[in-house]
Amino acid sequence: MILELDCGNSFIKWRVIRTDASVVGGGIVDTNQALIEAVEALAGDTPARCRLVSVRTEEETDHLGDALVKAFGLSIVRARSATALAGVTNGYDDYERLGLDRWLALLGGYHLARRACVVIDLGTAVTSDFVSAQGEHLGGFICPGMPLMRNQLRTHTRRIRYDDESAERALSSLQPGRSTVEAVERGCTLMLHGFVLTQLEQARSLWGEDFTLFITGGDAGLLHQVVPQARIVPDLVFVGLAMACPLE
Ligand SMILES: Nc1ncnc2c1ncn2[C@@H]1O[C@H](COP(=O)(O)OP(=O)(O)OP(=O)(O)O)[C@@H](O)[C@H]1O
Ligand SMILES: CC(C)(CO)[C@@H](O)C(=O)NCCC(=O)O
Ligand SMILES: [K+]
């Protein structure tokens, strides 16, 4: 069995797959220890191999790797930056600066679409990347995601305070808010809607209607009504991870 990890800035997304790629289990955790416990709790064999992508520091990622080797004695392959892979060229001036989660998600998107695509990932940050039909990465955009927008408002004001349950309830509609929680949650959601619609405009001016829009990341669900044509692929980073780190 293979342990797959996407180590983001706030959470670790994990899953365990068999060699035939069928999924045994998976989830989202916020600490290395919680990851080890979740994998230990899976019925069946422990994974012998691991492939991972991380946007954390080298030290944090090494620390996680050491903990996994200690717990499971597995071998680890890490996704690395590349100038080109699987028919896609990295569009950054300095290819190593492109976030590896973005690189893998756009590799996965191009692989699935086999034509021009835009890949939007809604996590701690929101990112968007453009790939032409020829596999040329044209670059992309980075902006704050829902968790960062909320927290900036909470941190830099004195009277914006509310709990998680009321935040969830506030999104039952996108009408003008009649309480702080509604005003903030709906306002930030509409910022994301606006962002995504502008990405669509850019894609249309480049390619007409001849492209696929992919949406991934923990907050992908906030968008599906605005862009019903989008393909929501929650595991897009894992699609790219398998391409970048093949385990024969
Ligand atoms: N089960 C879940 N656990 C945690 N967050 C979740 C879950 N489902 C949806 N989310 C939402 O997903 C967002 C986090 O996104 P995601 O997990 O894709 O990225 P991340 O690890 O925080 O950061 P990165 O963008 O660096 O990968 C949060 O806003 C959170 O509300
Ligand atoms: C933008 C994030 C934080 C999204 O997870 C990550 O891809 C990252 O740290 N990127 C490095 C900066 C860049 O992609 O230009
Ligand atoms: K991510």
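The backbone N, Cα and C atoms fix where each Cβ goes, glycine too.
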Just to be sure I read the record right: Asp6, Cys7, Gly8, Asn9, Ser10, Phe11, Ile12, Lys13 are listed as binding ATP in TrEMBL. Which of Thr83, Thr89, Thr124 is listed for the same site? Thr124
Reduce the DSSP letter at Ser10 (ATP binding site) to three states and note it down. coil
By CA-CA distance, flag whichever of Asp6, Gly8, Ile12, Asp121, Thr124 among the binding-site residues is nearest to Arg102 (substrate binding site). Asp121
Recorded positions close to ligand 2 - of Asp6, Tyr92, Gly99, Asp101, Arg102, Asp121, only those whose C-beta is under 6 Å away: Gly99, Asp101, Arg102
Where the C-beta lies under 6 angstroms from ligand 1, the matching binding-site residues among Gly8, Ser10, Arg102, Thr124: Gly8, Ser10, Thr124
Under DSSP, is Asp121 (K(+) binding site) helix, strand or coil? strand
